[in-house]
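Working notes, structure below.
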Amino acid sequence: MTENHKFQLGTIGALSLSVVSSVSIVICNKALISTLGFTFATTLTSWHLLVTFCSLHVALWMNLFEHKPFDATAVMGFGILNGISIGLLNLSLGFNSVGFYQMTKLAIIPCTVLLETLFFRKKFSRNIQLSLAILLLGVGIATVTDLQLNLLGSILSLLAVITTCVAQIMTNTIQKKFKVSSTQLLYQSCPYQSITLFIVGPFLDGLLTNLNVFAFKYTPQVLFFIVLSCLISVTVNFSTFLVIGKTSPVTYQVLGHLKTCLVLAFGYGLLHDQFSWRNIMGILIAVVGMVLYSYYCTVESQQQKASESSAQLPQVKESESDPLIIADKGSEIMSESDPKAPAWNLKRDLDA
């Protein structure tokens, strides 16, 4: 099996793991919040990250992965930013209508595309842009119901979109720049995310619900679903970093909207939520957008690899046919290539 096939299988596995775990945790959390009345979402997320860190620490102790320390400042900033983005998304939901919150989530994709285009010189073809537009249209039809605006809620949503986009771009960039795996990055950033949310979580939850998380009555049934949610979250957090590392932040957001459609479908089939023809039409349009996005990404990836391999062939033939000239001009080649090396490395890091 070639390295390309292994990479494709790994990517498919990461995407599948992300979808299954995310849909499972949404169903579990819906039962915990809607049925059992445990509405402390931010505090619950801090527990998720704490359990994830403990699980990874056990895995490290069992030598299941290698600890690879790198830039501590980057890890700390990344972890705190991730925690802040989660808190802002929860605040956005609390101070806005559900419809405006869904629009906030939809805005993450165009914002990510804009940031990667401006700061990372990444180019998105018209076919990719069209497929993303179809996807956003479908999810918007399926999920956006009302758009009640208020100043505070709009500011919180804007901050949530910006911090989420930057955090997800950093996830991809850090893994490729420092050559660390998703597990290694998650292990080092989890404590900062967990501490950030553990400190602000009770305050935010109290502000949004007017309830005290420490005064809540923890029945055996509530404790069971909390533990189950924390265990599933280990897979969710791991698959999130894995998907962004293997693909891109935009692909992860596309996958997130697929999860939204699946959650709507599962909610109708298992939990008997209200469902309309508008939901069905929106989901079908979104699926068309996802299929087109996947198809165009695959085609463009294959074209890029083919062009790179064809560009390398003339260089190989030239080195084989005229080795004496290269040897005679070795010092000249080195003197010309040295100034260009830093620029090439910078471009590689930006494209990452």
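Cβ coordinates are placed from backbone N, Cα and C, and glycine is handled just like the others.
Quick caveat, the model's predicted, so the values are computed rather than measured.
Feature annotations, reproduced from TrEMBL:
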DOMAIN    21-294  domain 'Sugar phosphate transporter'
TRANSMEM  12-33  transmembrane segment
TRANSMEM  45-65  transmembrane segment
TRANSMEM  72-93  transmembrane segment
TRANSMEM  127-145  transmembrane segment
TRANSMEM  151-174  transmembrane segment
TRANSMEM  195-216  transmembrane segment
TRANSMEM  222-243  transmembrane segment
TRANSMEM  277-296  transmembrane segment
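Cβ atoms under 8 Å from those of the transmembrane segment (151-174) belong to residues 74, 78, 81-82, 84-85, 88-89, 91-92, 95-96, 100-101, 103-104, 107-108, 111-112, 115-116, 120, 180, 185, 240-241, 244-245, 248-249, 252-253, 349, 352 of the same chain, restricted to positions at least 6 beyond its ends. Below 8 angstroms of C-beta separation, residues 38-43, 45-46, 49-50, 79-80, 83-84, 86-87, 90-91, 94, 222 of the same chain, each at least six residues beyond the ends of the transmembrane segment (195-216), sit close to that stretch.
The average pLDDT the prediction assigns to the domain 'Sugar phosphate transporter' (21-294) is 83. Within the same chain, the transmembrane segment (222-243) packs against the transmembrane segment (12-33): three or more Cβ pairs sit under 8 Å, each pair at least 6 residues apart.
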